[in-house]
Amino acid sequence: MSTRTLISPATLARPRGKALYWTVFTTVVLLFALAFLFPVYWMVTGAMKSPDEVTRTPPTLVPEHWHLGGYTDAWDLMQLPRHLWNTVVQAAGAWAFQLVLCTAAAYALSRLRPVFGKVILGGILATLMVPAQALVVPKYLTVADLGLLNDPLAIWLPAAANAFNLYLLKRFFDQLPRDVLEAAEMDGAGKLRTLWSVVLPMSRPVLGVVSIFALVAVWQDFLWPLMVFSDTDKQPISVALVQLSQNIQLTVLIAAMVIASIPMVALFLVFQRHIIAGISAGSTKG
Amino acid sequence: MTKTAERHPVKTAAVPPVQAPSPVGGRGRRRLADQARAYAFLLGGLICFALFSWYPAIRAVVIAFQKYTPGSSPEWVGTANFTRVWHDPEFAAAWRNTLTFTLLALLIGFAIPFVMALVLNELRHAKAFFRVVVYLPVMIPPVVSALLWKWFYDPGAGLANETLRFLHLPTSNWSNGADTALISLVIVATWANMGGTVLIYLAALQSIPGELYEAAELDGANLLQRVRHVTIPQTRFVILMLMLLQIIATMQVFTEPFVITGGGPENATVTVLYLIYKYAFLYNDFGGACALSVLLLVLLGAFSAVYLRLTRSEGDA
């Protein structure tokens, strides 16, 4: 499918247009490779250089010898298995809490017509206007009062208060065909039953988007886990990387950075079509 | 009970109440049971919002007027926190840096993705490749991007200066120089975040009807005129929305200065959020931290209100 854009197909079909198009195309490919892929290449190969080679000027484009030692050292010295596991636990729990609590609340607001539903929805949407980061200190004090510091619940519970995802779900539920839900109720299915076996199966696309947002948000977060996990053994990989970056060999640190990036980059490469479609759709639908 | 119906005139119209046959109890009891069930579904989410969104917002305002130390009972101190924070030399620096950062991020971090999306929209090959590659840095954890660029900016063997040397250009202090530190951080933030902006803008560009370009071309409009008179007006709303989102996001910048420069050199990269963090966790001054939070909140809240107003009115149109 080709729609008319800025430059007309007729112009592009002319020899001069063609030449210009391929020049621009090649330039953009090179530019993208240089700007976005090269830094990643530099990081992955930097970790395989020897400590002496990585600080050499002028630098070597390709490692003289491919050392995997940086990666194995990072794995052992920086206790990456523990921090990766912490991150996985925090992300998985946040995802589960968010999915269960936000879905239930969105379903109630969309379909069960609670009294004060409008007020509650307004209160939830109002939190979108209050940027989360500006409230980290009082939020931290609340978590401290509840005795949740150094506990994964400090990530899980606040993650469930995600107005954006809740609203996304509610809007999706609003648009589900009414007759299908009615039919389920006619057949005597309770609300929970209707949610579980009718609404949720129909909501797979939006649940996928919400799940990815939830996982990525926790994996990428830094300030909040930095505040709530003072105990080194409980810290996720993002916090541990920064804490340990001061007194560790450069190649080992770079290797740890590569390892910390792999899960999310892999997730992205696997689900890239869905993720990109989700981001693109979010804009036009508003 | 009819009140509920009035409260949700739209919803009631969209979803007529499905009255299952109710053998026992009247309408009233039935309604009460419905409400109880609705709130059972809502409860978990409501508790989380109350504890971690609504209460902290109120608490920030309260503590801003208190001397607050965890473990001891708070004292009311009036506006002392605000005056103390105001007279902190870092206060002015933090606001100046944050606003400069936001402005630079708007100029660089908005102009580049904008042009990039325009060009990408004209390319007819390797579309998926471009979209994946431009979004790749967004998926790299921000901490890793920051550490990566900290290494690039290394005055010795950092890639940034090596490139300049290779091109026989004068080298720079990058994040280590007082006058180049802030812009160095803007470059990092732009590199790391522009993927989202490019993708969203690209989607908006695709919704422009092709006839408009055809008509403009027939009227003799050249390329730049077509951008000015067709592309920009047609995507005006998305441009505005992305700009506001960018402002709101960059006003809360923390990771890059914390990881790359530690606020230095000479406070050149201390941001408001960084200062809040310092007040709370270095000075143990939660009153001051909350006073700062309230100030940031008021400013960002105003931007957010504009943003929501825009999205709302566009939805109505």
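Any Cβ shown, glycine's included, is placed from N, Cα and C.
Residues or ranges marked as compositional bias 'Low complexity' by TrEMBL: B:13-24.
Under the heading domain 'ABC transmembrane type-1', TrEMBL lists B:95-307.
Summarising the annotation, TrEMBL assigns region 'Disordered' to B:1-27.
Taken from TrEMBL, the feature transmembrane segment applies to B:38-58 (among others).
Counting residues 6+ beyond its ends, the transmembrane segment (B:99-120) has Cβ neighbours under 8 Å at 127, 130-131, 134, 182-183, 185-187, 189-190, 193-194, 197-198, 201-202, 205, 227, 231, 239, 242-243, 246-247, 250-251, 253, 271 in the same chain. Residues or ranges marked as transmembrane segment by TrEMBL: B:99-120 (among others).
Per TrEMBL, transmembrane segment is recorded for B:132-152 (among others).
Under the heading transmembrane segment, TrEMBL lists B:181-204 (among others). Long-range contacts of the transmembrane segment (B:181-204) within the same chain, counting only residues at least 6 positions beyond its ends with a Cβ under 8 Å from a Cβ of the stretch, are 97, 100-101, 104-105, 108-110, 112-114, 116-117, 120-121, 131, 134-138, 140, 142, 145-146, 149, 153, 174-175, 235, 238-239, 242, 246, 249-250, 253, 256-257, 260-261, 264-265, 268-269.
The annotation transmembrane segment is assigned in TrEMBL to B:237-255 (among others). Away from its own ends, the transmembrane segment (B:237-255) comes close to residues 98, 101-102, 105-106, 109-110, 114, 142-143, 146, 185, 189, 193, 197, 200-201, 204, 271-274, 277, 296, 299-300, 303-304, 306-307, 310-311, 314 of its chain (Cβ-Cβ under 8 Å, at least six residues beyond either end).
The feature transmembrane segment is assigned by TrEMBL to B:286-308 (among others). Within the chain, the transmembrane segment (B:286-308) has long-range Cβ neighbours (under 8 A, six or more residues past its boundaries) at 57, 59-61, 63-70, 77, 80-82, 84-85, 91, 241, 244-245, 247-248, 251-252, 272-273, 275-277, 279-280.
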| note | If one takes Cβ-Cβ under 8 Å and requires six or more residues beyond its ends, the residues near the transmembrane segment (B:132-152) are 116, 120, 158-160, 174-175, 184, 187-188, 191-196, 198-199, 255-256, 259-260
